[in-house]
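Undergrad: Pulled these from TrEMBL:
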{"type": "DOMAIN", "residues": "A:26-135", "note": "domain 'PurM-like N-terminal'"}
{"type": "BINDING", "residues": "A:Asp28, A:Thr43, A:Asp73", "note": "Mg(2+) 4 binding site"}
{"type": "BINDING", "residues": "A:Asp28, A:Asp73, A:Asp209", "note": "Mg(2+) 3 binding site"}
{"type": "BINDING", "residues": "A:Thr44, A:Asp45, A:Asp120", "note": "Mg(2+) 1 binding site"}
{"type": "BINDING", "residues": "A:Asp45, A:Asp73", "note": "Mg(2+) 2 binding site"}
{"type": "BINDING", "residues": "A:His52, A:Glu260, A:Phe316", "note": "substrate binding site"}
{"type": "BINDING", "residues": "A:Gly119, A:Asp120, A:Arg144, A:Ser211", "note": "ATP binding site"}
{"type": "DOMAIN", "residues": "A:148-297", "note": "domain 'PurM-like C-terminal'"}
{"type": "BINDING", "residues": "A:Asp212", "note": "Mg(2+) 5 binding site"}
Number of protein chains: 2
Amino acid sequence: MGEFEVIQRYFANSGRARTDTLLGVGDDGAVLQLRDGYDLVVTTDTMVAGTHFFPDVDPRALGHKLVAVNISDLAAMGAEPAWLSLAMTLPKVDDAWLAAFAAAFSETADYYDCQLVGGDTTRGPMTFTVVAKGQVPHGKMLTRQGAKVGDFIYVTGTLGDAGLGLRLCQGQVEVSKKHRAHILQRFHYPTARLAIGQALRTVASSAMDLSDGLYSDIQHLMHRSVVGASLDVERLPLSQALKDSCDRSTALALALSGGEDYELLFTVPESKKSMLDVLLAPYGVPVTCIGRITGAAGKLELRAGNEAFAYEHRGFEHFEK
Amino acid sequence: MGEFEVIQRYFANSGRARTDTLLGVGDDGAVLQLRDGYDLVVTTDTMVAGTHFFPDVDPRALGHKLVAVNISDLAAMGAEPAWLSLAMTLPKVDDAWLAAFAAAFSETADYYDCQLVGGDTTRGPMTFTVVAKGQVPHGKMLTRQGAKVGDFIYVTGTLGDAGLGLRLCQGQVEVSKKHRAHILQRFHYPTARLAIGQALRTVASSAMDLSDGLYSDIQHLMHRSVVGASLDVERLPLSQALKDSCDRSTALALALSGGEDYELLFTVPESKKSMLDVLLAPYGVPVTCIGRITGAAGKLELRAGNEAFAYEHRGFEHFEK
């Protein structure tokens, strides 16, 4: 089993055929042509069986998610996705499994206008690394560094659904038939907030995507921007499915620490706040103001309305005990 | 153990600080500025413990090799290296091991003018994926596709030393004290033929690097160029160390199938053959003509001088039985 055989057999025409791909799969490397005046944006994500996904995961869900979570990183930077590389480590070649995985990977890549341009296949414990490459107009990228005191903090979509979905798959919680499909969809098939990321280039002072959970992730943003943050947990956007499936305290814990939301967290200066609703209206994805940036560098303050909110964070521990 | 901690602690200033790195480690992705008129070249290589390296490998050798083999792919395309991403899957955080690994990785990156700009750290069986990014003047990349009937086939350096080094480490062969260091150096610390790759842009019709061994690799080039090849095994460049360490038949088998040479294999049209020696003289690396491209697409002919050479290829099976 060499790179040549597996990548050629399952991924030779994976994703969108792009005219700016000068050389794709099958050589020592890919050759890619950037648009004039654009910078390259590169993100890397690894998923390990047993840590990031169940070893018996549906290969279609895995193929989708590997692409979507990488594209989510590009979205958080305001970039337009273009190319993917896939490094697969597999214990054996299972034709049916690989065909289903490749079909979902390719379909999702195509959805996001991405082409698979290379990779490597090796034998060993099941591990996937995707490197996504995109383009952003020179100087217009969104980063974690630009949040300023007084900026408003926003998130897209709803939080905690994927965390609930994980615990549903683990048999730790029950979810009514009415909400099951939605919750599993949110866990297995996340959507990268790509159009919103690009729209935010002109208004957001900082942005990142939520992968570990709001409580952890906002601290990375605070660290890079050298600021603090105050969040009102009563404003956290929770889906009806989440609210119907658990008590308030569990719902908030999932929204804060459940992880895998793949929503965008971003900050907007007061001067640009009024533009936001108009700008984002076409995308049909709710955005919610959940707090403000403070000058207390490194300090995360949680409130419930006007009260302090006591919260004991338990990190996102993947599938470990 | 999150990406944040491990990458920041050990790799925050890894490699050369490049002015065209607009955003490096620590955000959702890196932002990189390509030179005007250049295309992006991207290569991916994964190494798995037990398959590609011994689990008890010296972390300095591993750190070096991970960088060098990826740069070797860029060299084969005539590209100038610029940036690296590193995805590490580790069973645990071993400070001393990581410090030694990171030091060698960073030193080798620096040697090749590369900056580490991102990555991911996950928990699981030890696996490393490096994505190397470089630049090549628009339209000037070397590929496996351009070999034409009658072109001369060349390799850089000597073949089979790394294959011997692997078998030495496995205790399968003996190597005299005089040659031991050289052979182990060739196996553990390969050198990417970067300057030669760039020099070849104007004369080579095709190029690739030798990772699996000449016998396998040339067939990838033949496949992509839709040609055949005739090689004279008497012309294969063998080091004195290899010749002194085994009989002729073993030496040729290592040169043909030993793998991990990380030398360049390239073809040159007859019209440009005379330029080659002059062009490559400054680099002090021998290049040897070992055969010619033929019109018998897919057919690899081995000769020993004027005689047919019977050879039973056994593929490069990494560390497996």
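Note: Cβ is positioned from N, Cα and C throughout, glycine not excepted.
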Undergrad: Using all protein chains in view, find how many other C-beta atoms are within 10 Å of the C-beta of A:Ser211 (ATP binding site).
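TA: I get 22 for this one.
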Undergrad: Check each of A:Ser211, A:Asp212, A:Glu260 (the binding-site residues) against chain B and write down, in sequence order, those whose C-beta lies under 8 A from a C-beta there; write 'none' if there are none.
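TA: So the ones by chain B are A:Asp212.
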Undergrad: Which binding-site residues are spatial neighbours of A:Ser211 (ATP binding site) here, meaning Cα within 10 Å, out of A:Asp28, A:Thr43, A:Asp45, A:Asp120?
TA: none
Undergrad: Relative to the Cβ of A:Arg144 (ATP binding site), which residues of the same chain, six or more apart in sequence, are found under 8 Å away?
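TA: Within the chain, A:Arg144 (ATP binding site) has Cβ neighbours under 8 Å at A:Ser206, A:Ala207, A:Met208, A:His220, A:Leu221, A:Arg224, A:Ser225.
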Undergrad: Going by DSSP assignments with H, G and I as helix and E and B as strand, what are the residue counts for the domain 'PurM-like N-terminal' (A:26-135)?
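TA: Residue counts in helix, strand and coil order: 35 helix, 45 strand, 30 coil.
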Undergrad: Compute the C-alpha separation of A:Asp28 (Mg(2+) 4 binding site) from A:Gly119 (ATP binding site), stating it in Å without decimals.
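TA: Between the Cα atoms of A:Asp28 (Mg(2+) 4 binding site) and A:Gly119 (ATP binding site), the distance comes to 10 Å.
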Undergrad: Measure from the CA atom of A:Gly119 (ATP binding site) to the CA atom of A:Thr44 (Mg(2+) 1 binding site) and give the result in Å, rounded to a whole number.
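TA: The separation of the Cα atoms works out to 13 Å.
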Undergrad: Can you tell me the three-state DSSP label for A:Asp209 (Mg(2+) 3 binding site)?
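TA: For A:Asp209 (Mg(2+) 3 binding site) - judged by DSSP and reduced to three states - the answer is strand.
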Undergrad: Within 10 Å of A:Glu260 (substrate binding site) (Cα-Cα), which of the binding-site residues A:Asp73, A:Gly119, A:Asp212?
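TA: If one measures from the Cα of A:Glu260 (substrate binding site), the binding-site residues that come within 10 Å are A:Asp212.
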Undergrad: Restricting the comparison to the binding-site residues A:Thr43, A:Asp45, A:Asp73, A:Asp120, which residue's C-alpha is spatially nearest the C-alpha of A:Asp209 (Mg(2+) 3 binding site)?
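TA: In terms of Cα distance, A:Asp209 (Mg(2+) 3 binding site) lies closest to A:Asp73.
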Undergrad: Between the Cα atoms of A:His52 (substrate binding site) and A:Asp45 (Mg(2+) 1 binding site), what distance do you get, rounded to the nearest Å?
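TA: Pair distance, Cα basis, whole Å: 11 Å.
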Undergrad: Cβ atoms within 10 Å, counted per site: which of A:Asp28, A:Asp120 has the most, among these binding-site residues?
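TA: Output for this query is A:Asp28.
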Undergrad: Using C-alpha atoms only, work out the spacing between A:Asp73 (Mg(2+) 4 binding site) and A:Gly119 (ATP binding site) and round it to an integer in Å.
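TA: The Cα atom of A:Asp73 (Mg(2+) 4 binding site) is 19 Å away from the Cα atom of A:Gly119 (ATP binding site).
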Undergrad: Quick one: Cα separation, A:Gly119 (ATP binding site) versus A:Asp212 (Mg(2+) 5 binding site), in Å?
TA: 26
Undergrad: Neighbour count, 10 Å Cβ-Cβ cut-off, for A:Asp73 (Mg(2+) 4 binding site): what number do you get?
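TA: Its Cβ has 28 other Cβ atoms within 10 Å.
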